[in-house]
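Notes for the one structure printed next.
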């Protein structure tokens, strides 16, 4: 069916994609994908992680070459062989992971990508004018390193708009924004639409897709499973299309007697100077996690969460031993191994290269975090590793967490992100730690696996452990936690019990408002 | 038009990790044949003299073992460094310092004799090599200096220090002004294994024992796991609770001690005294040995024998054909060059692309199934 060249493609479509296919080895990342984008519409591309959204977009932007299929631009068949061609056609892209030089100013970063030899001052003036006209105020002279993530995204958007594209591709743009910043972005997108520009909006957040998108194309396992009007769908019907079946909801049993339970993890006046010029200093952080409860830390990425995790885990030691206390004892001067031996367990944000060594087998990755705590069962006399018992423990975790894999003991890098995350979380749960600190527990994990991980964390807490979850995903924190604190610019707010917390309150705190002065700060912001 | 393209394999190819050294060896042979032909020598005859004749008699195999022993000892230590992604290039200097430290007893206290002398010398040799290797380790951990540069530059310091010693304070007063120390006493000489058959000494046994011990450590022990983690994903290593500075010192001290042991074994076994030059570049050639042996201690034993043969062959073509023995260096260099080149095949496969062959791309390759 993909073989016939059809001449009846619709002239009204700005972009038309027919049977686009991309194969990586044995994986068909995009399988005969069809997509039509009309002029002046916001078109959503929906799908779970690994559904093929990024692959499709990379082909549209010329960073990947399709194996087969056709692309029509304004009714003309085109071959987008590199991003330069895409830009010339009028396709602009704002990537999920920014490509900005922190040590340069916003204007210099823009000049680098324009590469047309015009002086920086001209570019800065243009960028400033454009940014204000679209309601995305930006100071082109400021150093990128000093800017928030939301402001950095503005640079990317302005940079894209300066090339006057007809089609703008946005890859997960709100994943780094506060709810208020996201609202601003939506206004800009609507203004662009009113000017007749088309937007391809990639997201897995269904509410915002319902809110701003005119049409949606849903991908699952590389195939288009449907086109729809998101406004006529419900979030759950969209989710069903994305996932393919219903996701079991997470159940959070009420926490009883928490007020009197002992604090298993205490952070008292934790302060840390920035280790690099662009790191966030931590300022007098206080937090207490009691046995039986799940505390969440919300915040826009890059507000000190990484620095905080390193300090709590012991990858970085504290001057003041009392600033981190585990099960009532000072742990600030102890290494990560020392803190693990006190009963704490940690799951970092990055899976490959931090939580797991990519080129090592799962059983070896089990040894990675548990060689000391399970020294007796995993390491024999003379430092010999007991491979058999490590292997069987790894298999136990694989079964318990339903880790799907292609070989009995594959390399970590061979697993999908969600399955590796299940293993990494399971590796720590298997120890039944009394303190568990998790950074971004379900980042990039599909809905089914995410529900599994969240449920497991709640059950760990209810069985008497203290669980601290750092996450950028507010939905996740509301589902998972008993109270939410917000980290902003290296400071941590007091935790808000989940019964009192709303998206708006948390969002204001994420934007830097003081608790209690929310309205006032909103006006000045 | 055709073009070559390197395509990343989804997983490293087990087949090519084994084949790569052999392909490299074959390519070296071809390049070597061209080299000999350009020099006006029949390549087959030259290969016979270079690679076959030097190992055709038992006493010659002993010579091979003498040359292979230091190469293996040093390379086994270096392999641990390189697996940890730490680059000790200064084994030559650590070898020399091992030779000097080990010679303290026979040179300064020649009247001290007995069964204790040799073990003490070997121990001092290891201490000397390890201490010398500790300098770049200290500089790296304290001041973040690049260990490649510091360890390499310390080689020249060691060479000049040895030169000064044997011309100055340690010179044999009865040596007619020759720059060398006194001959070592009997109890300071590393015994030969089979004196009736050839000159090979206990150094070769040390090399084999070290290779097996390091292999055990790297494949079975927590310490080896630590080395591999730190080398492949340092951040995961820190998460595991392994210290980076500790790892730098561990690998440098270990490789330095083994290089030092090789140094004193060479001085006490093969030479019998200190001279201005005690190594034909063993410390550098061992880098090739380590890579040719896939950084695997058992592979290094085989690679050490191959590289030892290039030394013997170089001497043989010099005496038989009048070609400079520098040709040995050329062979070693080509071998390293081709080994590193062929290692690309482990992570990539080569694909010939005709400009009109998109169908070829659409068919998924089945070899990934491995």
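Glycine too: its Cβ is placed from the backbone N, Cα and C atoms.
Listed ranges B:94-112, B:170-188; the one TrEMBL annotates as transmembrane segment is B:94-112. If you look at the transmembrane segment (B:21-44) against the transmembrane segment (B:330-350), you find at least three C-beta pairs under 8 angstroms, all six or more positions apart, and that counts as contact. Beyond its flanks by at least six residues, the transmembrane segment (B:284-309) meets 17, 20-21, 24-25, 51, 54-55, 64-65, 67-72, 74-76, 78-79, 82-83, 89, 91-92, 207-208, 210-212, 214-215, 218, 259, 332, 335-336, 339-340, 343 of its own chain at Cβ-Cβ distances under 8 Å. Outside the transmembrane segment (B:200-218) by six or more residues, the chain places 61-63, 65-66, 68-70, 72-73, 76-77, 79-80, 83, 190-194, 224, 227-228, 258, 261-262, 265-266, 269-270, 296-298, 300-301, 304 with a CB less than 8 A from a CB of the stretch. Nonlocal intrachain contacts for the transmembrane segment (B:64-82), taken as residues 6+ away from its ends with a CB within less than 8 angstroms of a stretch CB, comprise 54-55, 88, 91, 95, 198-201, 203-204, 206-208, 210-211, 214, 217-218, 227, 231, 251-252, 254-259, 261-263, 265-266, 269-270, 279, 282-283, 285-287, 289-291, 293, 295-297, 300-301, 303-305, 307-309, 311-312. Of the Cβ pairs linking the transmembrane segment (B:94-112) with the transmembrane segment (B:148-166) and spaced 6 or more residues apart, 3 or more are under 8 Å, so the two regions touch.
Among the recorded stretches B:118-139, B:148-166, B:330-350, the one sharing the largest number of Cβ pairs closer than 8 Å with the transmembrane segment (B:239-264) is B:118-139. Long-range contacts of the transmembrane segment (B:330-350) within the same chain, counting only residues at least 6 positions beyond its ends with a Cβ under 8 Å from a Cβ of the stretch, are 4-9, 12-13, 16-17, 19-21, 23-25, 27-28, 31-32, 35, 285, 287-288, 291-292, 306-307, 310, 313-314, 367.
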